[in-house]
Number of protein chains: 2
Amino acid sequence: MTNLGLPVPPGFTITTEACRAYLREGGLPEGLDEEVEAHLEALEGRMGKRLGAAADPLLVSVRSGAKFSMPGMMETVLNIGLNDESVQGLAKQAGDDRFAWDSYRRLIQMFGKTVLGLEGDLFETAIDDLKRGKGVVSDLDLDAADFQRLVDTYKGIVREHTGGDFPSDPREQMRQAVRAVFDSWNAPRAIIYRRQERIPEELGTAVNIVAMVYGNLGMESGTGVAFTRDPGSGQQGVYGDYLQNAQGEDVVAGIRNTVPLQRLEEIDPASYQRLLEIMKTLEDHYRDLCDIEFTIERGKLWMLQTRVGKRTAAAAFRIATQLVDQGLIDMDEAVRRVSGAQLAQLMFPRFDGGAEKKTITKGMNASPGAAVGKAVFSSERAAELAGKGEDVILVRRETTPDDLAGMIAARGVLTSRGGKTSHAAVVARGMGKTCVCGAEELDVDARAGRFTAPGGLTVQEGDVISIDGSTGEVFLGEVPVVDSPVVEYFEGVGGTADELVQAVDRVMRHADERRRMAVRANADNPEDAARARRFGAEGIGLCRTEHMFLGDRRRLVEDLILAESDEDRRAALGALEPLQKSDFVGILAAMDGLPVTIRLIDPPLHEFLPDITALSVKIAVAGDEAEPRDRRLLTAVKRLHEQNPMLGLRGVRLGLVIPGLFTMQVRAIAEAAAERRAAGGDPHAEIMIPLVSAVQELEGVRDEAEKILAETGVEALIGTMIEVPRAALTAGQIAEAARFFSFGTNDLTQMTWGFSRDDVEAAFFSRYLDLGIFGVSPFETIDRSGVGRLMRIAVEEGRATRPDIKLGICGEHGGDPESVHFCHEIGLDYVSCSPFRVPVARLEAGRAALSGGESETR
Amino acid sequence: MTNLGLPVPPGFTITTEACRAYLREGGLPEGLDEEVEAHLEALEGRMGKRLGAAADPLLVSVRSGAKFSMPGMMETVLNIGLNDESVQGLAKQAGDDRFAWDSYRRLIQMFGKTVLGLEGDLFETAIDDLKRGKGVVSDLDLDAADFQRLVDTYKGIVREHTGGDFPSDPREQMRQAVRAVFDSWNAPRAIIYRRQERIPEELGTAVNIVAMVYGNLGMESGTGVAFTRDPGSGQQGVYGDYLQNAQGEDVVAGIRNTVPLQRLEEIDPASYQRLLEIMKTLEDHYRDLCDIEFTIERGKLWMLQTRVGKRTAAAAFRIATQLVDQGLIDMDEAVRRVSGAQLAQLMFPRFDGGAEKKTITKGMNASPGAAVGKAVFSSERAAELAGKGEDVILVRRETTPDDLAGMIAARGVLTSRGGKTSHAAVVARGMGKTCVCGAEELDVDARAGRFTAPGGLTVQEGDVISIDGSTGEVFLGEVPVVDSPVVEYFEGVGGTADELVQAVDRVMRHADERRRMAVRANADNPEDAARARRFGAEGIGLCRTEHMFLGDRRRLVEDLILAESDEDRRAALGALEPLQKSDFVGILAAMDGLPVTIRLIDPPLHEFLPDITALSVKIAVAGDEAEPRDRRLLTAVKRLHEQNPMLGLRGVRLGLVIPGLFTMQVRAIAEAAAERRAAGGDPHAEIMIPLVSAVQELEGVRDEAEKILAETGVEALIGTMIEVPRAALTAGQIAEAARFFSFGTNDLTQMTWGFSRDDVEAAFFSRYLDLGIFGVSPFETIDRSGVGRLMRIAVEEGRATRPDIKLGICGEHGGDPESVHFCHEIGLDYVSCSPFRVPVARLEAGRAALSGGESETR
């Protein structure tokens, strides 16, 4: 910053190297205190003042130089150097007793909270008590004597809660503050946050120590924050807040009301003009929206800190393209500046911005989306009302695994406790269900079937509420939901008049130009396939065939299972084949000219049968009057019942054990392709065998399939899922029989971790996230060390065997930004994801290509 | 053989190289026919005769030179060179028309069966018809004209079934026979057999072509097999069979009755003496029991083939030590000459050899052991009678997955259909249950509840039968079972008077001296621990703690699960702790001075609760009168119910989610160790954490455990199972928190293959074995390419992190010979297996050490 000729207070920096050594060696470097002392002496020399001297003291701030702010990390301690003597020197220096004692009590308060780790409430309560005693409401009404008394109170708090005195030695204050910054890098919350946000441990933090400038030196002083653009919309202009006679933390803490930054033009026109010049300088330098902390000390402007600023998703797209138009960045950089997560946010339906809304409260935005429904307070009730076709919002103090059924039934979930890794948050995200959690102002009484909000508002079971999972807002009554204009753009409706849509359009076109990987969609029916195509999918990476056996056709699968002779079995298969064929004709038509990967039936057959417990109870209760077909079904259900169906008779195993099942499907595919071709279409079916763990399994099925293809004169690639660890470990062999691999990372994650998603996500993932065992669920983002390592093995060894093998992914990770980068890195040819995630994957594939071999998203 | 100066007919060999080229390139080498021709011409030159010439013809045999005989492989075609002309020349040459036509029909018969792949029955029926027509019973009663007629019949059979003529060109006959040998190396049955027996593909076969010598030249000619020792007992002596006026296949086919080899002393004393000399020469040369094929042509002895001979388990041990005493081999070689599989056979209880036995039939020895019980014919009935404490043998035509419950309930399983890879065989072996399968003479009528045997014997449900899974024999009534003298020796009772026991003792002592790996046992109670120690275990590698929560204590676990408050939970844990402690005291005492690895609780808690379906039905039927505790239990069962319990809330996950559970166990271990030490004992407890997939899981539990150990002043290594694929893939990280790894290869196999053993073994393993998808169940022998690769990764990367890490295995594979070799190869420190397998593991660990780095068992 000093390079830009900005007005920065003199100071020095302890570099991140000390922090890295700390991480490596488990302790701060031996010479740290000496290094700090040497720097400090140089500063004292330059300034002609001694830190915390009794007369004309130098005071400093100690501030973290971390690139990102993170929970648990120590940010700033101001006014270091004050003690019972130097406070007098400061008063004399400034000619202001009140200012000096105010600064002193601020030091003890900030030092107590951040260095000594005391509760902030202790100090805030003391000042509130003082104000109440005096009958005033503003800090401005407190005088020097009040602050002097507060210093005594604060010292007492430190003594009582730490067993020691607040350190009066100025150098000791500074050393402790410096150490506290480094220590706080390893605060448990910071560690977990870094894992979740994937900020590398070894990034480390620096510590900046600068001479104090004072915003609390009277009404000609003040402190503020400024943004070079509106972080909400991306518009250029003057955005920020200013507070007279205050120090930094007052602005954020909201103790007094700030004024809009524009008001500074009246209060201090010279500083205001200077600030505008500096904002331009910074934006030109960083070529991005900057946020700025500044202080005005008796009319002189000082710059304290700047970082590239946070912004909303819409602003991110607008700013990126605006900067291109201003010539500050190119389109490559614009694509790098936005993210798939931001694009995804823009695609969720939202509450109508123009509608009248009655806000009840605001909680945490745990899982995005907009949900409206009747409030219900138990899982049972949620399932019951949803069963009658009603929309419900499940409201709980916190959820437990017992609430799973209710969460599934509800449109959204609202809790009054727990953060973004709480059970409700984790499970809702896993389900893609709207969730607001930790709405702490609500008092939820599940037994009474109601919650109360601040101001005495009570919501009873059955009252309609609306929750916004993207903002955390909770509204009373039904708020109308509007579709996202970005989705309308992808759908090809709504045009590109909107400025945001224009920005998205430019970014997406450029990402498409740059990306190496193709993007396909997972779709099982013509409607989804057509939608995916509108969203930019270049084929179908996963067309599941088992979904085609549900509904009315379930009975045909039951017939197949109940078949007692070869003829019965063949008859059942014969009845299914034309239905399958027509399914495939529809999908091949919707994706005409593009590849469609059809996976042969995967789940165990008992999934098509009634639940064993429900059926057993039904028959037991009916006694002699039980239906004969029910009895036969129960026998079949018992025969097919499995301890661990995920690891049972499914996928290729079914194909090898049940004669005719896979051949029926392959024949339906071949005949559908032939029919499409006869009708002038251009079908590209690919046949995918699931759950292969040994090449021998694949060979048997492939040989039979090739025979059928040859008979019908249809060409189709035959390949396999890589979703069992052994398939990855023996990919070199499997590639001999497979023309393509598609990584089924859902199952691969389940088996590599030994996790059944159905069982573990609700049971203990929130606990695991809290414990930091993982930073993010391995079902959201590919676990690089475990699952990712298997994928690398399979890619390398598969390609070694068959250099032109096609490699893709069709697990849900195919639509996850970080995972898309990983897929790019290891050299996959395509990713496939749900239709709605296709634009996200396109964008991230472009960003991955622009970030070079190594992922840039850390 | 020619090196030994033995009387071998002149001939030549096409080496295995041609076969290897065939395997590599998918076709026989271009120059093969030319190579054969060149050799043949040289032979013709040496002999002064032309192959199949009209006058004085040379005939040859074509014989596989494979090191092992295997199903589907072509062994021998004799008399090559005969056609309608040369048969006349042969008749003149030998002065024997009958001999010449007999030889000719033999050629067509053998060629038809082995080269052309026709059913042997076709030819045998024709000869039977001829004999019946003439009213004679022996081939010896057929004359030249009969054989001439048979040649015509046989030619007709070839024409009818192949659409072509039997090749009359002698060179064409030879070329086809040579190719057929090579082709048969890739016969499906041969491939599957090699997979099962782990004979490498690339071993390949040679082809030997030698001039014919004739055992069917009248009563002064003959053919026989000889063994240099009794393959049953190992005694040196003259063992074998001889058949006058016959060719090779007659001896094996049992068409006529052979005579004991000793009779040759009377028939042809000179040849007999010469044979005895040769047998001595061969034994001295091969330093092992040899089996020999020979032919006497008009008083002249010719040696045709020798291989190291098959033998019984008891003979293997006796022969090995006898050869040491004779100075032919050393003890290292003796250990190499026996196998763990043989030792295991000697350890099964057997039927009393002296008891009177009424044999019903003989089937295949599918799973060893001796079982006695009432015959039952349905799974339900088996379970019902077993539930009343009766011993039953389940008799089925063949078993299906539906018979699983009955197989579990029965003492043994008997089927009339299916081979060693049939469902019954595979599942019984998996359970370690005695099984005889494919007893084809039995006619099983399950509906009528009986089977009938040859001779009209009928066994009804409830009749007692005895089955010998080691021999395949089935007896009527109860045959007394005797313990193995080898087991008595290991148990330290019965002494070493028996010659077999002496041999075993010598071999075991030497194996122990040579082995690098330690052998431990899996044992959960003091009795098993003590037994394992008598069997030579050097510690416990796996002490499961969940077995300690069964029986009466189940109620305490229910209390823990039903606990609704922290106090209730603590009370339940408090009640369990002293019980756990006393369990550990007992085991540590039994293994005093040796390491005892105690695994903290592993299975999901619902395993301790009633079955959800049974309980639901019970409560539904009871209606309003259902027990309140049952209702509470049902709620808990439902809450804890898991889709895939194997991949659910268990192992370390339980420890992290249920406060106090693991700490209770660790405290019980620490206090037990302290108590043992106070009593003068030398306890070495090791604490093992199950189901770890990430180092972070382990760290949390380890930190807590170390705190407890520090409090109690007990030292104990803390380590982890490696049983989840991800644990192996991240072993480098996990080793930072683990002092030892123990490979849980059961779960590791399940997750690496995506197999739930409970579900898949019965459902499709027999089909997979038949299809050759694997040669042996991966639950029996470690799958090297998949599971083994993960183990190698974990060993290498674990040791890289922590060079002194202790590495072992505690899955069932720890007692499997082939897997023990693999563990040696990858450098494990110990294997741990069930107490009964400890001697097998000791022996194989010794053999592995003697075979160098690479396993010798192929």
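Placed from the backbone N, Cα and C atoms, the Cβ positions cover glycine too.
Lifted from TrEMBL, the feature list:
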ACT_SITE  A:HIS423  active site, tele-phosphohistidine intermediate
ACT_SITE  A:CYS810  active site, proton donor
BINDING   A:ARG544, A:ARG599, A:GLU723, A:GLY744, A:THR745, A:ASN746, A:ASP747  substrate binding site
BINDING   A:GLU723, A:ASP747  Mg(2+) binding site
DOMAIN    A:32-257  domain 'Pyruvate phosphate dikinase AMP/ATP-binding'
DOMAIN    A:266-317  domain 'Pyruvate phosphate dikinase AMP/ATP-binding'
DOMAIN    A:390-472  domain 'PEP-utilising enzyme mobile'
DOMAIN    A:503-846  domain 'PEP-utilising enzyme C-terminal'
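If you take the C-beta of A:ARG544 (substrate binding site) and look for same-chain residues 6 or more apart in sequence within under 8 angstroms, you find A:ASN522, A:ASP524, A:ARG599, A:ASP602. With a cut-off of 8 Å between CB atoms and residues at least 6 apart in sequence, the same chain places A:GLU398, A:THR399, A:THR400, A:PRO401, A:ALA762, A:SER766 near the residue listed as 'active site, tele-phosphohistidine intermediate', listed in sequence order.
A Cβ within 8 Å of the Cβ centre of A:ARG544, A:ARG599, A:GLU723, A:GLY744, A:THR745, A:ASN746, A:ASP747, the residues given for substrate, is found for these other residues of the same chain: A:LEU542, A:ASP602, A:PRO690, A:MET721, A:SER742, A:PHE743, A:LEU748, A:CYS810, A:GLY811. Neighbour counts of Cβ atoms within 10 Å were compared for the binding-site residues A:THR745, A:ASN746, and the top value is held by A:THR745. The binding-site residues under consideration are A:GLU723, A:ASP747. Their Cβ neighbour counts within 10 Å are lowest for A:ASP747.
Within the same chain, residues at least six positions away from A:CYS810 (active site, proton donor) with a Cβ under 8 Å of its Cβ are A:ARG520, A:ASN522, A:GLY541, A:LEU542, A:THR597, A:MET721, A:SER742, A:PHE743, A:GLY744, A:SER832. Among the residues A:ARG544, A:ARG599, A:GLU723, A:GLY744, A:THR745, A:ASN746, A:ASP747 said to bind substrate, no two Cα atoms are farther apart than 15 Å. Cβ contacts within 10 Å of A:GLY744 (substrate binding site), excluding its own Cβ and spanning all protein chains shown: 28.
Under the DSSP three-state reduction, A:THR745 (substrate binding site) is assigned to helix. In the three-state DSSP scheme, A:GLU723 (substrate binding site) falls into the coil class. Residue counts for the domain 'PEP-utilising enzyme mobile' (A:390-472) under DSSP, split into helix (H, G, I), strand (E, B) and coil, are 18 helix, 27 strand, 38 coil. Counting residues of the domain 'Pyruvate phosphate dikinase AMP/ATP-binding' (A:266-317) by DSSP class, helix then strand then coil, yields 25 helix, 17 strand, 10 coil.
Along the domain 'Pyruvate phosphate dikinase AMP/ATP-binding' (A:266-317), the predicted structure has mean pLDDT 92. Here the Cβ of A:ARG599 (substrate binding site) has 27 other Cβ atoms within 10 Å, regardless of which shown protein chain they belong to.
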